[in-house]
Amino acid sequence: MGRLRLGVNIDHVATIRNARGGDHPDPVRAAEIVARVGGDGITAHLREDRRHIRDEDLRRIQEATDLPLNLEMAATEEMLAIALAHKPHAACIVPEKREERTTEGGLDAAGLHNQLAPICARLADAGIRVSLFIEASEKQLEAAMRLGAPVVEFHTGEYAHAWIDGDREKVARELKRVTDMAALAVKNGIEPHAGHGLTYENVQPIAAIPQIAELNIGHYLIGEAVFVGLENAVLRMRELMDAAR
Ligand SMILES: CC(=O)[C@@H](O)[C@H](O)COP(=O)(O)O
Ligand SMILES: NCC(=O)COP(=O)(O)O
């Protein structure tokens, strides 16, 4: 079992910054701290409404650290052009709705095949690793295979909600779904990642899934950072992930 990578999503540093419209706190400073404490990557979601990360943040993040950048993006021509201009290490295609508070579910890679195929192809041609943010289901995984995606990230939102609700049966069901699909992904040559809603409390069962190669964690870490500092929050998450393996 390889070392589980931790990608830190710094979107919500930008959310706090944007609350006052200025430059502080700067997500670039967060990226530098993540790099210093041994994080394995930076994840940033450039939403179409720019509610947190802004266009210029991408270049600044890339200039400030050597960590691989995982750019989360909607499947649109505008975002494709931005990805091609910045050439992040990876582009994770996510579903996006203006009115949602956060990414509510996985990408319908099966239903959107025709829209996604040219976007995936152009990203891949540019040397950008394509990742699809999908629900852990056979249907979506097969669709990811048909699209030739080398990576999928399983949306763990349902798992995280079940944990908050104290619904143990659902937690077990969701965990099994991710576990089974992670095994199936690897069997088919796809690298499985996971993320959304992960916390100190719920991370370990997901981190213990041997095939999962990377977790992307943001909102909870940035929230914790308010109390203990980003460095300590990332180190604690790393410790929990390592202990689970
Ligand atoms: C795709 C995903 O799960 C996260 O990147 C999340 O979307 C962060 O941004 P929001 O909190 O704005 O949804
Ligand atoms: N892709 C998931 C991600 O980047 C972070 O999600 P969250 O921890 O902010 O819910």
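Any Cβ shown, glycine's included, is placed from N, Cα and C.
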Candidate sharing the 1-deoxy-D-xylulose 5-phosphate site with Asp11, His12, Arg47, His52 (per TrEMBL), from Thr65, Thr102: Thr102
Additional site residue, Gly38, Gly197, Gly229 [criterion: listed by TrEMBL with Asn9, Arg20, Gly218, His219 for 3-amino-2-oxopropyl phosphate]: Gly197
Nearest recorded site to Gly218 (3-amino-2-oxopropyl phosphate binding site) by CA-CA distance, among recorded positions Asp11, His52, Thr102, Glu153: Asp11
Binding residues Asn9, Arg20, Gly197, Gly218, His219 (3-amino-2-oxopropyl phosphate) - maximum C-alpha distance in whole Å: 25
Candidates Arg20, His52, Glu72, His196, Gly197 (recorded positions) - the one closest to His45 (active site, proton acceptor) by CA: Glu72
Cβ neighbour count (within 10 Å, all chains shown) around Asp11 (1-deoxy-D-xylulose 5-phosphate binding site): 22
